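Residues annotated as domain 'THIF-type NAD/FAD binding fold' in TrEMBL: 10-410. What TrEMBL records for C159, C162, C437, C440 is Zn(2+) binding site. According to TrEMBL, the SUMO cross-link annotation covers K191, K258, K624. If you look up TrEMBL, you'll see 448-535 marked as domain 'Ubiquitin/SUMO-activating enzyme ubiquitin-like'. Taken from TrEMBL, the feature domain 'SUMO-activating enzyme subunit 2 C-terminal' covers 545-642. Annotation source TrEMBL lists region 'Disordered' at 545-648. For 561-579, the entry in TrEMBL reads compositional bias 'Polar residues'. Marked as compositional bias 'Acidic residues' by TrEMBL: 582-596, 638-648. Annotation source TrEMBL lists compositional bias 'Low complexity' at 597-608.
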Amino acid sequence: MVHLVGSLRKELADCLSTSKVLVVGAGGIGCELLKNLVLTGFKNIEVIDLDTIDVSNLNRQFLFQKKHVGKSKAQVAKESALQFCPSANITAYHDSIMNPDYNVEFFRKFVLVMNALDNRAARNHVNRMCLAADIPLIESGTAGYLGQVTVIKKGMTECYECQPKPTQKTFPGCTIRNTPSEPIHCIVWAKYLFNQLFGEEDADQEVSPDTADPEAAWNPEETAARATASEKDGDIKRISTKEWARSTGYDPIKLFNKLFKDDIMYLLTMDKLWKKRKAPIPLDWQQLENSECPHEETPGLGLKDQQVLGVWGYCKLFQQSVETLRSQLQEKGEGAELVWDKDDPPAMDFVTSAANLRMHIFSMNMKSRFDVKSMAGNIIPAIATTNAVIAGLIVLEGLKILSGELESCRTIFLNKCPNLRKKLLVPCVLDPPSANCYVCASKPEVTVKLNVHKTAVLTLQDRILKERFGMVAPDVQIEDGKGTILISSEEGETEANNSKFLGDFGIRNGSRLQADDFLQDYTLLITVLHTEELERDVEFEVVGEAPDKAPPPQSNKEEVNSITNGNKDSAQPSTSSKAPSEDDDIMIVDSDEDEGASSSAAVAAAVGTKRKHSDAGTGETSTKRPRTDQSSAAAAPTDDDDDIIALD
C-alpha cells in the first residue's frame, strides 16, 4: 500500500522537503508559484527579483499589500510565504539574476530552477546558466487569458534559444522623426522625447526632423529661408535637445512651440515628403489658447483614463506634466536624470499628451491615456486567475522532474477558448534539442553578415554579442594564428579598440572569431561574412535565420491526454515577460506585454497545429513547427507587466 503524506507519496514528499529550488522572479506568476511551493511541501527555496513593489501590482500579486509598496518583491514575498508555512527555509535576493555573483556554481546548488521572468535577456541568461550547470529549468509566462509552461533539460529538450526569436519591432528613425503614419510612431517619438528632455540622452533616439532622410532629397541651404520658425528659443538646429530645454528653464510653452510648431514648419520645407502624403499641420500655443481657453472642455463619460481629450486638453496636460517633471529634476539636483515608467503618472501624462498632439498634427485619431499606456508599455492586461493556473502547472511539472519522470514532462498552453477537443489546457510533447542551436549545440557556431569596414568593435560587443547573442561579459579572440584579443571583459584592457573597425584588425570575409562568456560557461564561434549590401539602418544579419517566418508545416504529434491534476500529461513551461512593467508571466518565451499577444494566441490550432505565440515583449509572433510552437516573453527582474514569456 502506498504511504501518502497529504496528496503525495511519502518518498516524493520527503524529496520535496530536502530539495533546494530556485525561483527567478517574484511578480504575478512568482507570487502564486512561491505560495504553491510552500503549500505543496517544498522547504528549501531561494527567490530572486530585482524589482520593488508598485501599487499597480496589488491587483494580482497577492503576497503584497499596500503597506509593502516600495519594498523588495523578493523579500516581501518570502515573508508572506512564511506565514503559510513557518517551517520553510526561504532565502530572498533583491538583485538581478544576471549579477556575476550568481555563477554556475550558484546554480549547481539547486535541483530545479523555475522562471517567472519578464525580459528576454534574463531568460536567455538563466537558460544558459541552467545548461552550464546541467539543471532542469521550467519556463513560464502569461498574457491576459493565455499562458504557457515548458521544461528545458540539457541534452533532452530544446533550450529556450533553440528556435530563433523575432527581433524586437523597431521603426526607421526617419519615420519616427519625419513621417509618422500610425499612433505607435507618435508614441515611440514621445518616449524618445521624454529621454531627450528628462532622461539619459541617446543619439539613436533623436526627435528633431531628420535632414538626412533619403526620401526628402532636399537642399537645406535653399529651403531654410522658407522655414518661418527660426526664433532663438525655437531653433531646431541646436545640438542638444536637453541643453536647449535647460536654457529655456523647461518652459512648457516654449517647448510646445518648438516641438509642435517650429519643427513641423521645418518638416514642411522638405517638399518631397508631402507629395504623396497629407502634410502635417503645425500647432501654435497662443492661437489655441485664444480659441479654446474660453470654452472649457466638458469631461467625457466613462473612466478618466479611457477618455480622449481635445487638442487644448492635451496642451494643458503637456504643460502640467512638463512642470511636474521639471520639479522632479530640480529635486534630484544637478545632472540628475529621470527614468520613464508607465506607472509614473507625470511621465505617462507627458507621453500621452505629446503623442496625441503629434497624432493630431499628422491627421491621426487621438488615443486615450489607457490606449497610449498599453502601447507605450507593451501591456497585455494581467489576469490573476491565469497566473494561478500557470503557477499550478509549474509545480506539477516540477513534481514530475523530482519524481524522476522527465520523459513525462510536457509543454502546456493555456488557451482563451477551447480547441476542437474542447480543451483549454493543451499539452504537447517536448522537442529534442535543435542541431543548429547556437547555444546548446555541442559546438555552437553562427555566421554573421556585416560590413567589416563599417562595423566598429563596440558594435560587435554591444549590439551583436550582448544584445543579439545574449552574452553578459564577452571575450573575443581572432582565429588568425596569433590569438589576437579583440575584446576583453577585463575593464580597460581593450577599450582602445572600441572605435576601430573590424577591418582594421585584418578581419575580412571568412574570418572566424571565438567569443567566450566565462560567467555563462559559453563559447560561440562566429564566421564573418563581409558584404557591402546591407539594407539601410541594418548593421548586421545572422545568416540562416528567419524568425519572422513560420517553418513549413510538419506532422503534429498527437495531442497528449487531457490534463488533470497530477496527470503525467500535465502542464508545460510558459514564460513570462515583463516589460518594465507588469503583465506577467506568459512564458511566451520572449515576449513582454504587448497588445496583440492576447489575440494572436487566443485559440490553439485545430488538431495537428499549435497556435502562434506572440512575443509579449516585442509584439511580434514567432511560429515553431506545429508540435512545439511556443510564444516567448522573457521577464526581467522586474515585474509590473511582468511576465509574459513566450517560448518561441
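Using N, Cα and C of the backbone, Cβ positions are placed for all residues, glycine too.
Features as recorded by TrEMBL, highlighted on the structure.
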{"residue": "C159", "record": "Zn(2+) binding site", "Cβ within 10 Å": "24"}
{"residue": "C162", "record": "Zn(2+) binding site", "Cβ within 10 Å": "24"}
{"residue": "K191", "record": "SUMO cross-link", "Cβ within 10 Å": "23"}
{"residue": "K258", "record": "SUMO cross-link", "Cβ within 10 Å": "24"}
{"residue": "C437", "record": "Zn(2+) binding site", "Cβ within 10 Å": "16"}
{"residue": "C440", "record": "Zn(2+) binding site", "Cβ within 10 Å": "22"}
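Here K258 (SUMO cross-link) is positioned 52 angstrom away from C440 (Zn(2+) binding site), judged by their C-alpha atoms. You'll find the Cα of C437 (Zn(2+) binding site) roughly 35 Å from the Cα of K191 (SUMO cross-link).
Each residue contributes its Cα atom, and for K258 (SUMO cross-link) and C159 (Zn(2+) binding site) those atoms are 50 Å apart. Reported as a whole number, the C-alpha separation between C162 (Zn(2+) binding site) and K191 (SUMO cross-link) equals 33 Å.
In the domain 'Ubiquitin/SUMO-activating enzyme ubiquitin-like' (448-535), the DSSP tally of helix, strand and coil residues is 19 helix, 27 strand, 42 coil. Residues L131, E158, Y160, E161, P433, S434, Y438, V439, A441 surround the recorded Zn(2+) site, their Cβ atoms falling within 8 Å of the Cβ centroid of C159, C162, C437, C440, which are themselves excluded. Summarising model confidence by region, the domain 'SUMO-activating enzyme subunit 2 C-terminal' (545-642) averages a pLDDT of 36. Taking the C-alpha positions, the distance from K191 (SUMO cross-link) to C159 (Zn(2+) binding site) comes to 34 Å.
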